[in-house]
């Protein structure tokens, strides 16, 4: 909301400067968003008198003036205005000044060979009006040499943001009231006018929807003459950001801006029969003043006559019955509409207006007669006319709210001690009336809430009133009580897990990305397996941000694509966050996961390594295992299994290369991670070139640590005897998973075998077709005594026997 | 006998040996079992004691000088061979060493860790809640009934879904629903922070439809506005690691707090950047809004299952992304969510930059 300082001063008698007013507005909770001070715009413009005017030697339409600026020698100025003449007092822009209308910086120059030291200005050039037919003519006695801003009496404009709880401050009078309460001046009372009509109101006014429109007051003014509003009114409206339209329309807008009270003026000639507040009929339409047609329904309140709807009640008038230049008789409407009804109707029609924003927040229901009188008076002042008596249909809710308030609460909740007298003064200045309920001054007070404060509904609201007017800056900081000793740790196990895994990934060379939680539908669907249904927004901001991600991979893939498109050659990205699944009872199930994408070169071409090497599925596996280990998962117990069997409700490998992907599982069901190469079809969908390795780790699936935290490690007891290693090479069917062989060998003799590591996978010469040779290094740890040959033989027999169960044959 | 000539010849041949094999051959020739000098030594046994006294030292002298010469020659040849090998093994160490990829922690995560560290010291635990919320937790319980104009101001993302209690599902517009969830689950007294993603259907140069917030809630018996002010000052001073952080509290309006306070922080414009510190009214300074806060509304305390006559407290919510921008100098919020590795390398943090109170929570440039 914007207003000019002079308008504010109509309601607030004050000597305060605009800066003091702005500071106080901020202090009481009316946030100042800007101050427009025209004196700044008009810097460098001066009242000046033309001493002589002569024809320009080289241009017919130009004159060469000598201008008295009030100091020093007169200046020579070239001017093209037809009204420039000797003796004229006008406004001279000196070199260095900026012309407000076009931003041109004036400088000393030569115009057609004649020196010019500035510019005589028109009203349009100074943004003071539209006139551009000639230069400004000031009265003869205007003081030559004075800064024009000072002479003109420039009026600063203050723009404030009004919080939605303060409909009273959506009228300037409410702002003045707050400032007065805060000690910045004296509030001028609203005059109680008594304007009895001179004839009965010729129009029947009725409310058939007392819920939506509890009160509907009206009166006719006959014989008005519409036209442009006077300058003072136009200037106030313009300062407030409203376009002046015509005196009748401007008058209602002025009422709204001044007192926060919307009203409406109908052209009586366009009305037929009784004017009634009623529910709209389903499908009924109205062409509103914004020239759009709205289709209404029976939940909406309208003002209508016999012919149809003329007003979407409390929101916007109709085009048909609006006032125009030829309007002579009008019906004024001032009504009280139910805030909820207005809010719902406005939302449904997606129609905002100044009236709606005030009605839905709640205007003063008591301000009907006074408001109507003031509007009538203003219209009569502007347009003449004769007013009828007022007709009143219904009545506004009148029961005033009373809040029981213990003034001690101000200190208990507000943290500041304010004298009881001062508390009373503040409340009274804001329009509350305070009555002590019980004997003794410090007992609870009964505080009656003024009608313009619908936001007040309890004692804490009154604490706020007292504290904000008293001054929030007078609240002293008080330290929170602190537990004795060193602050105990507060991080949850999940938080610790997140931190650890995040920093582990970063330490492994991955960059942490944060990508949108929402995805394009197609990308979400490509990763929706086993999600139980995607969460799709009703009102997405765009099609690209429509569905909550069921996986972190699509977002990372898109980020990878953007990076590759920007010329990145190697990408290691990860993200730690939630994926969104369906939970029980219609709630969401948001699961913590870490996803990573490896794309481009794993190793750039190098003088040692030769050609660039791409990432492969083993890189993704390495990251997955390393991060799972950091997350505390028992990685030595994990099994490498297919991504998703069809029995598990998915098409195997639809996101991953079916032959180059796997899951890491703890037991057959609990998938802790999946990893592998991106499916070429998806690579195409995401438009990423080159092989891409992916992994997704389900941090929520990792079993937590059991038992109480202990710090002491298990005792350290290195074996007394040295371990020995033995190598075994087996011929196995080519489709046997190497991990299987390692697993059975590792388990062949649990007392002696402490490790088995695969170090060779060979196919080709010397290995029969359909087979491969796998070589393992097995570590044996003797416990009490060193191995004898027969001990080693026995272990070897167990190894070969175990391997044989998988069809593995020891190579000779 | 005169061994000088023999010795001279032997020494000269040893001197002339050009490789270790020749040296070894000469050793065998002179000192081997069948060697010439070994042969001379054997003759000693056949001599009379007097002759032995004369010849013995000569032969031993000869043997010693040859032995020494052989050792010296061997050493010299070995040294030369090592020199030659080392010379051959010289490499160009200006060639690049193998590179390790450098990762980074996202500024949002880093700042969240910083905040958790500061608030832990002030006794705040961490609480969480779902991002896909029901409208009761997101609005109604926070004193925003269905028709409340503030609801419309929240630019809410809606889902067509309703939960089992027939509540409309939304993307949480703030972290405040965690207040309700925590009061309901943990009762009072409470001191928590709740960090996380929040959503508004708003997108322009300074707003993204997703951003990060951290909520703080303190519920106890005697908590008042003064405690709120202290907590904000203390936390912002610790976060920016400056003692001259100045706050301006302005009355405001949020449905879930009463009284409500908006908080500005003073900053200076330095080279086109906002640097937090000093009063916003000082020359070259201005105020910038950083957070909304207030005393928890009685209705909210009731919705949290607590008795508002017994419990009161404060809450505030602050944008984590904005805090990160202010502290570390990023100017474009949208870049936070782009995953551009150039940006991540530039603004991201090392894995080892773990915020600690003893080291200062911030990481210097």
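Positions of Cβ are set from backbone N, Cα and C atoms, glycine also.
Predicted automatically and left uncurated, TrEMBL annotations should be read as such.
What TrEMBL says about this protein:
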| type | residues | note |
| --- | --- | --- |
| BINDING | A:455, A:461, A:464, A:465 | Mg(2+) binding site |
| DOMAIN | A:39-149 | domain 'TRNA-binding' |
| DOMAIN | A:398-477 | domain 'B5' |
| DOMAIN | A:719-811 | domain 'FDX-ACB' |
Cβ neighbour count within 10 Å of residue A:461 (Mg(2+) binding site):
21
Which of A:455, A:464, all binding-site residues, has a Cβ with the fewest other Cβ atoms inside 10 Å
A:455
If you draw a 10 Å sphere around the Cβ of residue A:465 (Mg(2+) binding site), how many other Cβ atoms fall inside it, taking every protein chain shown into account?
28
Tally the residues of the domain 'TRNA-binding' (A:39-149) by DSSP class, grouping H, G and I as helix, E and B as strand, and everything else as coil.
5 helix, 44 strand, 62 coil
Return the average pLDDT for the domain 'FDX-ACB' (A:719-811) as a whole number.
94
By the DSSP assignment reduced to helix, strand and coil, which category contains residue A:465 (Mg(2+) binding site)?
helix
